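As recorded in TrEMBL, the features of this protein are as follows:
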DOMAIN    1-473  domain 'UvrD-like helicase ATP-binding'
BINDING   A12, S13, A14, G15, S16, G17, K18, T19  ATP binding site
DOMAIN    519-784  domain 'UvrD-like helicase C-terminal'
Amino acid sequence: MANLPPVKILKASAGSGKTFSLAAHYISLLFTSKVHFSEILAVTFTNKATAEMKHRILTVIEGLALGSEAVESYRNIILEAHPQLSRQDIQQKAMEVYRQILHNYSRFAISTIDGFYQKIIRSFSFELGLNAAYRLEMNSDKVKQDLVVRLNKLLNDRDDLLQWIINYARKQIENDRNWNYTTVLKKLADELFKERFHPFDEAISQLSEADRQVVFTTISDLSDELITRFEKEIERLLKIATEIVNSSGVSSDLFLRKSQNLIPKIPSLAPDNLEAIDKFADYIDNPEKWQKNGVSGAVSDLYNKLNPLLRQILNYKEEHSRTYFLAKAVQANFYYLRLLKEMSVLLADYRAEHDVSLISDAQNLLKEINRHQDQNISFIYEKVGNRYKYFLFDEFQDTSSNQWYNFQPLLVNALASTEGNRSIPHHLIVGDVKQSIYRWRNGDWRILQYQSTRDLGDHHIRFQTLQENYRSLPNIIKFNNFLFTQAPKLLQQIINDKIYTEIGDSLYNSWWQASGYTQILTDAYAETVQKIPSDKGEEGGRVTVSFFPVTSSFAKTRGKEIKPAALKALSDTIINWLTEGRYQARQIGILVRNNTEAREIIEYLLHIQKELDESHKFEVISGDALLLVNNPGIRLLINTLKAMITPVEEASLYRANCLLLYQQVYGLNQEDEASIWLNATQYDIKVWGKILPPIVINNWYVWQQHPLTELVESLINGYGITHDEATIPYLIAFRDIIAEFSSQGERGIASFLGYWDEEGKTKALPANEGSNAVEIMTIHKSKGLAFDVVMIPFCSWELDGMVNSNFWVDTSGTSYEILRSVPVKYNSMLVKSSLFKAYLEEMLFNYMDALNLLYVATTRARKELYISAPDIKEGKESDSLIADVLRSVLALHSDELGIEYSHGIVYPSTTPFKDIKKSPTLPVKYQEGCIDFWESPPNYNWSFNKYPISELLKEALDNRKIKKELLSLGEQNAATRQGLLLHELLSLTTEIAEFPNYLHAMQSEGLITKDELMTLLDEAIRLRNNEQLAALLDKPYQSLNEQRIITKDGSVLRPDKVLIGEHETIILDFKFTGMERPQHIAQVKEYQQNLQEMGYPNIRTFLFYAFNNRLVEV
């Protein structure tokens, strides 16, 4: 038996079957001798991925246990890994494992990283000083908002804090920037949740309050001193140089290129014009630059006096400028440091007051546990109560440094205890550095690319690359192979040239090249080429790339300039595709860089559809569009609630919103805003009656006294928005939020509005994957998904990220070492500072981010890829945008695809669309390799055409209605009472063995006596033994007892029993009346009609008349 290395690192490019491979490895481990499922820990990054993996693994194991052919590919992998097993052995083992998992599901350890860490933290709550009943706070936005409020309140008591804010505002005003400090505080709060903040936090937290003030004062004084000393010395030396030039009396006409020569301009140089001082190097010891054919006369005397001084100025500048620019960078963000520390203290207060642990705390708490254990982590298992021997990591390219720091000891410990031969590696790491697009969430792709190998050791690792692409058609695969072979080379060359220019030959060789940065992008994309599966052939698929002309040469304006043309081309293309029948709307996904671009596209597509006839219109959905807070009907309700509880003199804004939104919901002719505002400022609510419904106005104060649920139902009904089909799903979701909020008791309108602002407004409708709509989403959200058609209309993001955003740098070896790390503005000034290495590394990673975004976007496509981007200004060159990289690759290398480049490409140049038209249409979010052993019922699109108001739902949801009727009947009508009881019993049970338990429960609730119990049991058994009835109930069908059906018009139906078989559906209703009535037949036929609309097959309907003991099929 082969003895394989214990760890396998699986590099899985887009569409290569990563989920399949992960599930296959997990299942193969289960068939290894002595491996128990509870010893395997599989770690994912999202709850959705966790649920999908659990479902996939259980489905496959069930298929293996049933001997299903649908899992043959998994079975073959198991047989290859364990050749000693037979198919019968696999089936028997699968059945055993399946039962073990179901009986011990809590030990089925497939979890998110945060979920696993929380399990550990719970076990160590005492050691970490946490309350055993602490609450986990998932909503970081809520916490950030609370911190901003707390800091605002603190300004009243802390003059020093107030002064920092004032100083910040002054600087912003001086620089003509937004001085709203609240926005800054919110951004500051974001920093608290970044890993790079914690070294600074730890360093400052170790100091007392008095020592912290001393440190901050010292740092501030140090920065001022370094800046002042440098500028004054440069100013002093330039003043001497100015005196020398002025006293020489040499005319500027005597200098070479007099208008451009720097020497006569020295008197006008400012001390901070360091770029001009850098040019002194051209004149030092180089008389040919002063005068043609060398200096002579008065110029020679000037040269002899000034040349050594210029050398002194340049030397001083070169020796001290890096420290000077470091001080300027720290000083520019110094207010950040103080406010960050204050917010950190407030965050600690928040944790203590609310007895919570933030989801982001787990990494640091576990890091603290590991730090003092010298890699001996056996105690963790003892506390958690489980010992994991096998580890599987998904999406490893998004692992952060802290996460790896915490997981590495577990993995190393498992490697140390590995014993015996291995037919399959015990540990699996799956990832793809090309798909690392979450660096802003602390993800670090270098851990997968380099560090994991160094930390675990080459001898422990087996590398494997999944080489086939099962997602895309051949031409899409060929294009992406071409693009991502050439683009990394070009981008690497661009950044290498920039770095060489910035730091010179010596540093380039000794640091940049020695660190491996000269080929880091090309290394990351070294295995980008994917093979085409044999069953796909060599043709199929289409790529269109268009570059729109621009008049600007500035990177920031070029992308904006093409938007009108790009939007028109986008809409025209979609309309043509839909009109020709080439695609359906649900097959198209539009990917953008951010939510702002998504909103621009939505607004444009909705606007142009107003001018289209019905045959050309199409639906559009996006994450923003599905947010409840963006629906006018929901906003109308929220503003009404706010207007109700806000003092009249302060409620004008909410009242005006109510008036405007009501008109918007109904498409009424809107009054001018001035008129509405005047109406809204009127204290008398009846003035609103000109616009709002009278029932709302007349009950305005009465409804405020109602419970929240009843109040909202009254408003929905009063505003008359119950028939707006587009709004109904939002109203139902909104009611769910109110029900969730009210589950802990009635807490009033104000509390609900606070809950809404913190959490409710982020809620969205679940995307209906069956809806026929074009979907718009960000590239980040598209990761893991696939579309038949991918459109990237704004392929114009900058290579160098967001200039002037903050990033954290290590201060080791600098004058600010005591702080350990500081946030600085990302801008080109840093290349001149002692932080130049951190700045240039960040630039490199920004370039990698930009390229990875393009890779993720283009690899979502199955059949067609559409890209539009800005061209370059005629006669100019540019390498600032991702569009520039794309254009250069196509312009220089398109012949490799056998096509010509002319402001874009179409690949292949002539594409037959028969393959596209006839290819099967897959669901928009279909995941490759999905398995299903049962034939899914046909999809039927149905929806409410009326909002089901509370009166109807009360009947549907009141499970105690029958019990109330029974109690009210008492002994007055024994026959009716017995009929109701038997009806309840037969409706809710199927087998005779179930009767005693239900009857005993009725007795416990006081509905029947002990004597009645025996009488009812005998009668129920007699009825159940009816030969025809027993033949129905004994069928091996799924039984749904008294399940509610809410119809399109909001009414509620509740058949006694629905029996669901593979090829038929049976409706059974029990009747305890003496006569057979026509309305009984009409009732079950109505059930039948609704079930048919829901897609149930071959429906038969039966009535059982208990008094006659007769079953009738109708």
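Including glycine, each Cβ sits where the backbone N, Cα and C put it.
Caution: TrEMBL annotation is automatic and unverified by curators.
Here the binding-site residues are S13, S16, T19, and the one whose Cβ sees the fewest other Cβ atoms within 10 Å is T19. Taken together, the residues in the domain 'UvrD-like helicase C-terminal' (519-784) have a mean pLDDT of 85 on the 0 to 100 scale. Other C-beta atoms found within 10 angstroms of the C-beta of G17 (ATP binding site) number 20, with every protein chain shown included. All protein chains shown were included, and the count of other CB atoms within 10 Å of the CB of K18 (ATP binding site) stands at 23. Counted within 10 Å of its Cβ, the other Cβ atoms near A12 (ATP binding site) come to 23, all protein chains included. Take the CB of G15 (ATP binding site) and look out to 10 A: across all protein chains shown you find 22 other CB atoms. Sequence-distant neighbours of A14 (ATP binding site) (same chain, 6+ apart, CB under 8 A from its CB) are D432, K434, Q435, N469, R471, Y855, V856, T859, R860.
Mapped onto three states, the DSSP output places K18 (ATP binding site) in helix. In the three-state DSSP scheme, A12 (ATP binding site) falls into the strand class.
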